[in-house]
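Trainee: Below is the structure I would like to discuss, written out as structure tokens.
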Amino acid sequence: MLIMGLESEYANALEFVKKIDFSKSDEPAKGFETGIRYLGGLLSANDIRPDPILVQKAVEVTEKVLLPLFNSKSGAPYTYMDLTSGQPQPTRSINLAEFGTYTLEFTRLSQVTGDPKYAKVANDLVDRAIRKPTEMPGLFPSSWDLATFEPQNASIITVGGGADSFYEYLPKTNALLSGAKQDWIDTWEDSVDSIQKYLLSPTKEDPSIQFVAAINNHTVSYATQELICFWPGNLLLGATQMKGDTSKVRNFADVFMKSCMVAWDDTATGIAPEVWSWTPKEAATKGPLGSIIGGLKDWFGENKGSSTKKRSMKKRNTGPFKIENGLYDLRPETLESIFYYYRVTQDTSYQDWAWKVFQAIDKYTRTESGFTMIKDVDTIPPPKDNFQESYIFAELFKYLYLTFTDTECMSLNKYVFSTEGHPFILPEPIQLQK
């Protein structure tokens with residue numbers, strides 16, 4: 001609202017915020033979502049237009065909902081907070097994204113309040129995590145034991161859902177800390193190198209289209225998701241914090257961006273599916289991953305190599321991928337990366353892409369009362385559901401607006417965006433966009 005100059009709407013929202021009681025909820029509150037949506041939104045609004053009530057409410061939601069989650073034996077956060085009992089709900093494991101996605105918001109809260117405890121509780125966990133030994137440098141199993149804070153080695157290894165924002169926040173939090181976390185950048189560089197070496201997979205139909213695989217259930221899984229398409233923008237951001245040659249990372253970002261846009265362009269609606277798979281040009285066992293896949297026995301137990309299991313998928317006659325899940329849940333990740341690419345390159349073809357994506361979303365997801373997820377992006381007309389995610393405003397429409405407005409509005413040199421699209425002001429500017 002503040003970014004778009006919606007003053008009356010913001011005034012109404014601020015009055016609503018003043019009345020929120022974060023100590024009450026009919027259902028358990030999920031820490032991950034509470035942090036990125038509530039805490040992040042409050043802190044971002046305060047960065048754009050400082051107001052004591054926003055800081056007060058940010059502290060309130062953190063103290064009542066989020067900090068108690070960290071009262072585990074290992075210091076890692078539980079997933080859900082039961083506000084009725086005032087205690088976290090017991091759980092045995094947590095995923096990489098959950099514990100790694102407190103760092104940006106908690107760091108900003110410490111900066112705003114002057115209390116270092118918030119940043120410490122979140123950032124110490126990542127410091128501990130990146131010291132764990134891995135078979136593929138910089139890539140970690142997504143599921144971790146809550147009691148011991150050790151990775152559960154039979155879990156999926158992915159840079160998509162369940163792990164994504166752990167990697168995303170390494171360069172972002174480092175930028176917010178004015179470059180104080182060089183070891184996080186070193187880990188991020190290792191992650192990027194390992195993605196390219198072990199998981200990046202050219203498609204058989206068109207080797208210039210390359211998707212990122214995962215290791216799932218003891219096998220290499222040639223399937224990916226729209227959630228992963230934030231990576232091209234993150235690669236551009238992370239490259240600004242590297243000390244050496246960045247050309248390889250920039251080239252990887254270009255390939256990643258092109259491949260994500262293909263997933264949008266090559267469906268009946270022009271909208272990317274939730275999940276798609278592909279036939280690799282070369283099996284993983286024949287590439288660099290094959291040289292260490294035997295070592296994965298230590299992680300997974302039985303070595304099963306690369307996946308040959310037949311999948312249930314929607315048959316398509318063209319294109320380098322097959323739809324596994326045709327749902328579109330109003331995901332913003334590709335538009336997020338298009339925004340970064342436009343701001344960094346000033347190439348108006350990215351504005352053309354953004355407009356094309358918006359037209360498809362507007363045509364097929366709009367309803368009389370808003371926008372809704374659709375159930376099959378490869379059917380015309382696509383069957384509609386009846387649910388609108390809040391991130392359509394926090395991310396999708398925000399990134400669209402910022403792709404077309406003045407480039408000094410929320411400059412990427414002055415702000416870092418959270419995983420939920422909330423901009424935090426940087427203590428020191430960086431050089432990312434032109």
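Glycine too: its Cβ is placed from the backbone N, Cα and C atoms.
A TrEMBL annotation is a machine prediction, not a hand-curated record.
From TrEMBL, for reference:
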type     : residues      : note
ACT_SITE : Glu33         : active site, proton donor
ACT_SITE : Asp164        : active site
DISULFID : Cys229-Cys260 : disulfide bond
ACT_SITE : Glu274        : active site, proton donor
ACT_SITE : Glu333        : active site
BINDING  : Thr419        : Ca(2+) binding site
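A description of the local structural setting of each listed feature is requested, covering burial, neighbours and distances.
Mentor: Taking Cβ-Cβ distances under 8 Å and a sequence separation of 6 or more, Glu33 (active site, proton donor) has no neighbours in its chain.
Taken residue by residue with DSSP, Asp164 (active site) is part of a helix.
Look at Cys229 (disulfide bond): DSSP puts it in a helix.
Counting only same-chain residues at least 6 apart in sequence, those with a Cβ under 8 Å from the Cβ of Glu274 (active site, proton donor) are Gln225, Glu226, Glu324, Asn325, Gly326, Leu327, Tyr328, Asp329, Arg331.
In the three-state DSSP scheme, Glu333 (active site) is classed as helix.
DSSP assigns Thr419 (Ca(2+) binding site) to coil, not to a helix or a strand. In sequence order, Ile36, Thr101, Leu104, Asp164, Ser165, Glu168, Tyr169, Phe230 constitute the residues six or more apart from Thr419 (Ca(2+) binding site) in its chain with CB-CB distances below 8 Å.
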Trainee: For the disulfide-bonded residues Cys229, Cys260, which one has its C-beta crowded by the most other C-beta atoms within 10 angstroms?
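Mentor: Per the Cβ count, the most surrounded site is Cys229.
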Trainee: To the nearest whole angstrom, what is the C-alpha distance linking Cys229 (disulfide bond) and Glu333 (active site)?
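Mentor: One finds 5 Å between the Cα atoms of these residues.
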